[in-house]
Amino acid sequence: MKVVEISHPMVKHKLGLMRAASISTQEFRRLTKEITSLLTYEVTAGFELEKIEILGWQGENIEIDQIKGKKLTVVPILRAGLGMMDGVFEHVPAAKVSMVGMYRDEKTAKPVAYFAKLCDKLDERVALIVDPMLATGGSMIATVSLLKKAGSKDIKIITLVSAPEGIDALAKAHPDVELYTASIDSHLNDKKYIIPGLGDAGDKIFGTK
């Protein structure tokens, strides 16, 4: 599995601010959007271009470069992934949106999809999953499996922080996906929180406890 930890100083600086215990909802939300925007720029760097012909400003036909294929679909994992969508839209404002909701079954401890609204022609699009944290990897693995079952063939993932345990699990389950993250953190604690991590990103984005 391709794993890219973005080392850009602006990404590291902004992520450092997000780790503060005293951070406000407004600041956490803003930084989530800004880092997602920077990561989206990195993800799209490898997109294939094609030449198309348009009518230029001089009234003559000219060739320009455009990204090849259908517009990507951004796939936020509910609910925290919603806070990352605007960062993607800054670079891909015409992106389609496919939403996936997961909950953990108390008996099996496995993620179960409770909601999925996917766009059409997934087999012709890049699917960009966004979720602030990759902890155990359970929800991410289930989301990738759901997308593949629906026809998706090109799946990329953006997270703000990732645990080594989650990366390993994802790589074993889906070695063909690509992961772009602002940080590979140290480990998971006994409560399955990423250390040093960000705390509960969903609560911090939406101002809940």
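Backbone N, Cα and C define each Cβ position, glycine as well.
Because the structure is a prediction, the values reported are computed rather than measured.
Taken from Swiss-Prot as is:
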BINDING   R79, R104, D131, P132, M133, L134, A135, T136, G137, G138, S139, D200  5-phospho-alpha-D-ribose 1-diphosphate binding site
BINDING   I194, G199, D200, A201  uracil binding site
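On the structure: features taken from Swiss-Prot.
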residue: R79; record: 5-phospho-alpha-D-ribose 1-diphosphate binding site; DSSP class: coil
residue: D131; record: 5-phospho-alpha-D-ribose 1-diphosphate binding site; DSSP class: coil
residue: G137; record: 5-phospho-alpha-D-ribose 1-diphosphate binding site; DSSP class: coil
residue: I194; record: uracil binding site; DSSP class: strand
residue: G199; record: uracil binding site; DSSP class: coil
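Surrounding the centroid of the Cβ atoms of I194, G199, D200, A201, where the record places uracil, the chain contributes additional residues within 8 Å, namely P132, M133, Y193, G197, L198, G202, D203, K204. Non-local contacts of S139 (5-phospho-alpha-D-ribose 1-diphosphate binding site) by the CB criterion (under 8 A, 6+ apart in sequence, same chain) comprise I77, M102, P111, D131.
Among R79, R104, D131, P132, M133, L134, A135, T136, G137, G138, S139, D200, the residues given in the record as binding 5-phospho-alpha-D-ribose 1-diphosphate, the maximal Cα to Cα distance rounds to 17 Å. With respect to their backbone Cα atoms, R79 (5-phospho-alpha-D-ribose 1-diphosphate binding site) and A201 (uracil binding site) stand 10 Å from each other. Here the CA atom of A135 (5-phospho-alpha-D-ribose 1-diphosphate binding site) lies 11 Å from the CA atom of G199 (uracil binding site).
For the pair D200 (uracil binding site) and M133 (5-phospho-alpha-D-ribose 1-diphosphate binding site), the C-alpha distance works out to 9 angstrom. Once Cβ contacts within 10 Å are tallied over all protein chains shown, the binding-site residues D131, D200 are led by D131.
In this structure, G199 is the one among the binding-site residues G137, G199 with the smallest number of other Cβ atoms inside 10 Å of its Cβ. For the pair M133 (5-phospho-alpha-D-ribose 1-diphosphate binding site) and A201 (uracil binding site), the C-alpha distance works out to 8 angstrom.
Ranking the binding-site residues M133, A135, A201 by how many other Cβ atoms lie within 10 angstroms of each Cβ puts A135 at the bottom.
Sequence-distant contacts of I194 (uracil binding site), defined by Cβ-Cβ distance under 8 angstroms and a gap of at least six in the same chain, are M133, A135, V161, S162, A163, D185, H187, L188.
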